[in-house]
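Copied over from TrEMBL:
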- A:21-42: transmembrane segment (TRANSMEM)
- A:62-82: transmembrane segment (TRANSMEM)
- A:116-135: transmembrane segment (TRANSMEM)
- A:141-161: transmembrane segment (TRANSMEM)
- A:181-200: transmembrane segment (TRANSMEM)
- A:236-256: transmembrane segment (TRANSMEM)
Amino acid sequence: MSVIRKTRVLFATRFAEMAEYRAEVIIWMLSGTISLVMMLVWMAQAANAPGGQINGYDASQFATYFLSVWLVGQLLVVWVGWELDFMIRQGTLSPKLLRPMDPMWVEYAAHVAERFVRIGPMLVLLVIFAALSGASFTREWWAYPVTLGLCILGFTCRFLYEYTLGLLAFWTESSTSFSEVAWLLYAALGGLFAPLTFYPQWVQDIAIWTPFPYMLGLPAQVLAGKATLAQAGSGALILFSWVVLFWFARLLVWRLGLRKYGAVGA
Amino acid sequence: MTTSTPDASVHVRDLKKQYAVHEKEPGFMGSLRSFVSRKTKYVEAVGGVSFDLAPGEVVGFLGPNGAGKTTTLKMLSGLLHPSGGEARIAGFEPRKRETAFLKQITLVMGQKQQLIWDLPALDSFLVNQAIYEIPDAQYHATMREFTEVLSLDGILKKQVRKLSLGERMKCELAAALLHRPRVLFLDEPTIGLDVNMQEAVRAFIRDYNERYGATVILTSHYMADVTALAQRILVIDSGQLVFDGDLARLAEQGKGGGKTVKLKLREAVSAAQLAPYGGDVKVDGLSVELTVPRSEVSARAARLLADLDVADLTVEDPPIEAVMAELFGATAKVEKEAVSG
């Protein structure tokens, strides 16, 4: 009962807080459009290519893929590493440590609540971008709940590793540089710049041992109708394994980090 | 009504905290040198502090800036892991940060702590109610009580960022005490507040202590806080406990154990004329102040009354501020002598 109450109250207050920043959320959403820029580049390349295709993708399929990547990317946005870096260095983590609840849950609730502020304008933009680019998503009904499931797993995975990286501020002057590197890997191996099959084979061989292709590229391929239910299922299992791994990694780094905490300032 | 329980006690033994501090020379070259090889210095913020507090006791924790007060409070509340020694608060070891322990304590530091900046304070209270698992009946009773004592009416539904400093502090206090903690660590709870607000906060803390039998450790630069609330004083300087006793005994340590005699004269006299009666003579027109040894107060006062045309005479303990200044000055002097010797 108390877990339900805590979840409800945390979600409600964080939603109210995020709603205060609704204009900023929309602007922030518009700033995260690298995949749409990549869409324009690849669509132009495909239009000029012999047969109007590159690696089996025509302009419309590029539009569908990159718009799907954009959509999934919007649901996977995580800023907790920056929050933790600030909280640890400025000491504002202290009041959160005094409460009988892991501060991670408050941050998780804030991220989930933000998705609900984001989703309305996001769907409007999706319809506009799809109409402009000629993207057409799969008509398989199962693809949509499966994409949502993969997004929840992918978001949790990203949240946990970003949280763990943010905790490195217990030891370093600033942990945000680690988050920058993590973003590059996430974007490159996730398929933000191009579908993973466009990369050299050795890069693809490395990428499948990371969580990134399953977080971003796989749900986008499901939406685009280029991945099967079986591929989505095995991807979900791999993502779940990464979630478990990052859960324990976070716990370990958290416990070690608290011993180093200086509780400066506040 | 006091409802103290044996659990609200505080036991501290040889508590220590050492910090690693990175040092860098100023300027570009300093930055370059620091980039290649960074100098690390270890600073002892708290160097072995021991004391016990009984349940319901209110203690003033005093000391100059950087003495180790806040570091000690942070260790006692579980924010910092001690480098040595041990502490038991309400039967718990703070560094383990067990849920049952966190429900027994609170730490108030500054005015931007618990409250969600962009929402009304009431939302933060609801979050605390859920996190601390406060039953509805207790939550509403506590809110009614706090609203009355702290005059929270009309400010609970305003955005926190739009509250005045004093209003915010009152809401911070209410948020910090909503779960009715048994042990309170209050670090400068009245800093930056005007005189009326300081008095309101003091009255609230006094009322909370009496009502719930809470143990309170209070640090403050305002001696009025300490004299109004604390029965016992702990003085820390350079990480060491240099005094543990009641206010009266602390006052006795001031002015070399002397008392302050204040006179209103009908005829002006010079400082030189007053020198035989006591030390630290201050003359301001017809008002005179001098320090006399505690054991000779009666005799000196009688001589002053006999020898001078006195309109009024009062005998006081030296102000606590003067005692503190003297105490810290003495510590600093001893340290200086030890270094030069």
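Cβ atoms are placed via backbone N, Cα and C, with glycine included.
Against the transmembrane segment (A:21-42), stretch A:62-82 shows more Cβ pairs under 8 Å than any other of A:62-82, A:116-135, A:141-161. Long-range neighbours of the transmembrane segment (A:236-256) within the same chain, counting only residues 6 or more positions beyond its ends whose Cβ lies under 8 Å from a Cβ of the stretch, are 104, 146, 149-150, 153-154, 156-157, 160-161, 163-164, 167-168, 170, 211, 214-215. Long-range contacts of the transmembrane segment (A:62-82) within its own chain (CB-CB distance under 8 A, at least 6 residues past either end) are made by residues 28-29, 32-33, 35-36, 38-39, 42-43, 46, 107, 111, 114-115, 118, 122, 126, 129-130, 133-137, 147, 150-151, 154-155, 158-159, 162-163, 165-166, 175-176, 178-179, 182, 190-192, 195, 215-217, 219-221, 223-226.
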